[in-house]
């Protein structure tokens, strides 16, 4: 099996975790390459639900290497909590099956506090998860962030780095009349957590290089979705990292000479958590039905997801940005009850027709979707195990999506369970 990059083609929550978990069975390693514990992957195995935030989905498999790449911002306390919770549930996690990049920036409590403060300052709130992700990435770009490798330092060297970080954060706190953080206190906290983290730490770029030299199969697991990308998303209602497929090379530390199949995961309808434009949103009984049937609650935020019709304009743009080879279509069963289904094929604003998402947030907020209507199937697809099991109109819907997007559907997820997957085209598995 070739290397595979798995990315979401909407606003996240497409079902990437389940897909990566399923693919992991035939892979040697899985790499998380961006984001932090603001991402959430839900995986169901034999009716038991696992919720992952930082750990790659492969951690639930035996004899698979899970890698947290340099593109991830790492909350060490959240990571240890996640590890401890999985161990309680019988999952074996050790230095042989988990590796953490020495270059990961550290997410600390000061970042979470800063996240909350910055959200208060905004005229229009973004709907951040308040996990400290944005402020940590800001520190990284400003070259003052603490990184995992700093936990190896002697106390006096670490103190100087902490003090440099606090020169900024204490100034911010002062403006909000919040007491400053003492450098010595933060140093002690870091030295306390360090022994739990450091055994997992290695130069991840070298680990991945060695795997490629041995012709091992690697999956690169994206978090969030294309239109939460800091550069290509619906700015400013985006995350703080790049979420599209090319980031796998940067955030994992693998060079471009290694060929990969790029799988785009996409729901049969569209959802979004938090604020920001949503062109096909249904604030009516249709959206309510999608929400209820899809159990659309955010894994991390625990907020209700907004729901709407499938947006082919959004999907086409995402496919181009990541160079998607094939699609994984998820949650088809949520549409089972509709007698007719709509697909957005264009937008309209001020007399102009758009076949892409304009960058202007003002224009985005005023786009009107143009729909094509197709017949529904009013039959149950949940748990279907073969393509032939699907209703005729459900197959027609899938083919319509392929026709519009000009990319084949490789897999269809028919339920939350690990093996609830229909394989249409398996060439990427060879």
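Cβ coordinates come from backbone N, Cα and C, glycine included.
Feature list (source: Swiss-Prot):
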- 12-18, 40-42, 305, 331-333, 413-415: GTP binding site (BINDING)
- 13, 40: Mg(2+) binding site (BINDING)
- 13, 14, 15, 16, 38, 39, 40, 41, 129, 143, 224, 239, 303: IMP binding site (BINDING)
- 13: active site, proton acceptor (ACT_SITE)
- 41: active site, proton donor (ACT_SITE)
- 299, 300, 301, 302, 303, 304, 305: substrate binding site (BINDING)
Entry from the binding-site residues list 12, 15, 40 having the most other CB atoms no farther than 10 A: 12
Candidates 15, 302, 304, 305, 332 (binding-site residues) - the one closest to residue 38 (IMP binding site) by CA: 302
Those binding-site residues, out of 40, 129, 224, 302, that come within 10 angstroms of residue 12 (GTP binding site) at the Cα: 40, 224
Among 13, 41, 129, which are recorded as recorded positions, the nearest neighbour of residue 332 (GTP binding site) by Cα: 13
Binding residues 13, 14, 15, 16, 38, 39, 40, 41, 129, 143, 224, 239, 303 (IMP) - maximum C-alpha distance in whole Å: 34
Nearest-integer angstrom distance between the alpha carbons (Cα) of residue 305 (substrate binding site) and residue 40 (Mg(2+) binding site): 13
Site with most surrounding Cβ atoms, counting all protein chains shown within 10 Å, from the recorded positions 41, 303: 41
